[in-house]
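In what follows, a single structure is set out as structure tokens and then discussed.
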Amino acid sequence: MAGSDEVNRNECKTVVPLHTWVLISNFKLSYNILRRADGTFERDLGEYLDRRVPANARPLEGVSSFDHIIDQSVGLEVRIYRAAAEGDAEEGAAAVTRPILEFLTDAPAAEPFPVIIFFHGGSFVHSSASSTIYDSLCRRFVKLSKGVVVSVNYRRAPEHRYPCAYDDGWTALKWVMSQPFMRSGGDAQARVFLSGDSSGGNIAHHVAVRAADEGVKVCGNILLNAMFGGTERTESERRLDGKYFVTLQDRDWYWKAYLPEDADRDHPACNPFGPNGRRLGGLPFAKSLIIVSGLDLTCDRQLAYADALREDGHHVKVVQCENATVGFYLLPNTVHYHEVMEEISDFLNANLYY
């Protein structure tokens, strides 16, 4: 077994850029330490090990951010990012209060602009909106979209199982729709997009379904390596098990931590179009951009998800990055990264007007 692990590590190093390999290998090491065999999680140690950055009202590389609690009853917080306003850099400490007191009550903008509601990854268990990797990613989204990003600090498993993350996502969407500054173009609602990676992509899907059910307009969904599963193993799961950072044993642990205690992996949260799932034909479901890493062991599931949406009559664009692994979009050091950022920018612009 040790020899097999060494072969997998060496193969991985030949494909993955060094900085990405180090980053994700460190995550994997810490994740293995934090997960307990009995299904519980070392939360205090996990919080200590998670590299985080504070919000910055004073601009950093042209982007300002601030944290805001949107549901006191569960302590649900979001981090809001926007392009720095003129004069922000000179305001110093005074800028800390201005966004919260004034930005949330700004008058509607004259032109449509994207608002990306983002759900961080971490398999429903790890990371947060303030994790360094996701703070950086959201800043990139602001720059490429010239809009606003609302990153959701949803409740995590195993302390908060299904459907807590979905409920928090829905709360965030409703909150965004209620804010004066989230309006544009003759007082119309701003153009809202749902996005996330890993478990965040899964959350984005389920929030998008609820939005379609309840008549809330979402302009598009952007899913990066969305986390789906099922009881029957796919070809890519068998072929890539343990080869590029992730094992089936890892994935099974996370699903057991998130799903209801008596559920298996064909629960609709995990397998939305599986035997217990629901088809979306006839539903006004938003257009989707689905980013798939060819070396992610769940890539077959993501492609099957896209096929199911198409079969139900929905618009889907799949960008399949054959030689990319999980997390490739976190660092700007591959051709795939730049291609995907361009695809995201094009998708936002194409769906901004309706």
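Placement of Cβ uses the backbone N, Cα and C atoms for every residue, glycine included.
Among the features that Swiss-Prot reports, active site is placed at S198 (among others). Packing around S198 (active site) is summarised by its Cβ count: 26 other Cβ atoms lie within 10 angstroms of its Cβ, all protein chains included. According to DSSP, S198 (active site) sits in a coil region rather than a helix or strand.
Per Swiss-Prot, active site is recorded for D296 (among others), and the stated evidence type is similarity to another entry. According to DSSP, D296 (active site) sits in a coil region rather than a helix or strand.
For G122 (gibberellin A4 binding site), the Cβ neighbour count at a 10 Å cut-off comes to 24, with all displayed protein chains included. In the three-state DSSP classification, G122 (gibberellin A4 binding site) falls within coil. Residues annotated as gibberellin A4 binding site in Swiss-Prot: G122, S123, Y134, S198, G327.
The annotation gibberellin A3 binding site is assigned in Swiss-Prot to G122, S123, Y134, S198, D250, G327 on the grounds of experimental evidence.
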Neighbourhood of D296 (active site) by C-beta distance under 8 A, where only residues 6 or more apart in the same chain count: N225, S236, L240, Y244, V246, Q302, A324, T325, V326
DSSP-derived class (H/G/I helix, E/B strand, else coil) of G327 (gibberellin A4 binding site): coil
S198 (active site) and G122 (gibberellin A4 binding site), distance between Cα atoms, whole Å: 7
Residues G122, S123, Y134, S198, D250, G327 [recorded gibberellin A3 binders]: greatest CA to CA distance in Å: 21
Tertiary neighbours of Y134 (gibberellin A4 binding site) (same chain, Cβ under 8 Å, six or more apart): F118, H120, G121, S127, S128, S151
Entries of S123, D250, G327 which, being binding-site residues, have CA atoms within 10 angstroms of S198 (active site): S123, G327
Among S123, D250, G327 [binding-site residues], residue with fewest other Cβ within 10 Å: D250
